[in-house]
Amino acid sequence: MPKMNVSTLAKLLVCFLIPLGVLMMPIDAIPIDDLTLIQHRLLAIFLLAALLWVLEPVPVFATSILIIALELIMISDKGLHLFRNPPPGHDLGELINYTDIFSAFSSPIIILFMGGFALAIAASKYELDNNLARVLLKPFGNQPKFIMLGLMLITAVFSMFMSNTATTVMMLALLGPIVASAPKGDLGIKALVLCIPIAANTGGIATPIGTPPNAIALQYLTGENTVDFLSWMMMGLPFVLVQLTIAWFLLQKLFPSSEPEMKLKLDGTFKKSWRAM
């Protein structure tokens, strides 16, 4: 058996055996007061999900689907008969309506994320993001501090609508030639590299789809506390600009560049097919 298969099998065994052990454990042995059977099962499902996401023996989307399936079977009012009838002397707890579990598939937050992901995938496929970054960087000149400012602003804007990770990878690719040709010991390179992940994380605050925690928070802001997309940006954008300004000054002070000028390779062409347009 190949090494990779052995490793994956070992991870799967760990991911399933530990939650199964918790599920089979007597409730009295778990140090949580007044634990119901439903809560006990949820604890096992949560542990299974956490292990699968951390060790990743299967794709993350498969774990998400598995969680919903297990909840339908083990803690819903339409689950298996075995799980809907508690043994004598045990408190079952409140079963969850199966429609509430299925509604997770059509949550407005899920649709919001799907739209953002679709936009990011399309931009990446037709190299719109990469070429747009090159075009937008040209006006910032060749001085290291202004190159850093341009990188931070463009990264922040992209991360408002794309994955922070994807934005960071894309923008760092532009720095490859500079990092390779930089003189040894130039602290300015550290500033240029660090400014991109800092700007990506900061820019994600500006919109509800910029980073998953924003959308999750938005889901709970309902009724009188509802915040729409534009209102979120009006609150988040000034905060982002302040943070970027502070980070820009700090990076210049902590990692000053020894080179008066740097040159980025900014050649690139936009795809002009009808699909790209």
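Heads up, residue numbers simply count up from 1 along the chain you see.
Cβ coordinates come from backbone N, Cα and C, glycine included.
Listed in TrEMBL:
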- 45-74: transmembrane segment (TRANSMEM)
- 51-260: domain 'Citrate transporter-like' (DOMAIN)
- 95-126: transmembrane segment (TRANSMEM)
- 146-175: transmembrane segment (TRANSMEM)
- 187-209: transmembrane segment (TRANSMEM)
- 229-251: transmembrane segment (TRANSMEM)
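Contact between the transmembrane segment (229-251) and the transmembrane segment (45-74) does not hold: fewer than three of their C-beta pairs are under 8 Å, each pair 6 or more apart in sequence. Per-residue pLDDT, averaged across the domain 'Citrate transporter-like' (51-260), gives 81.
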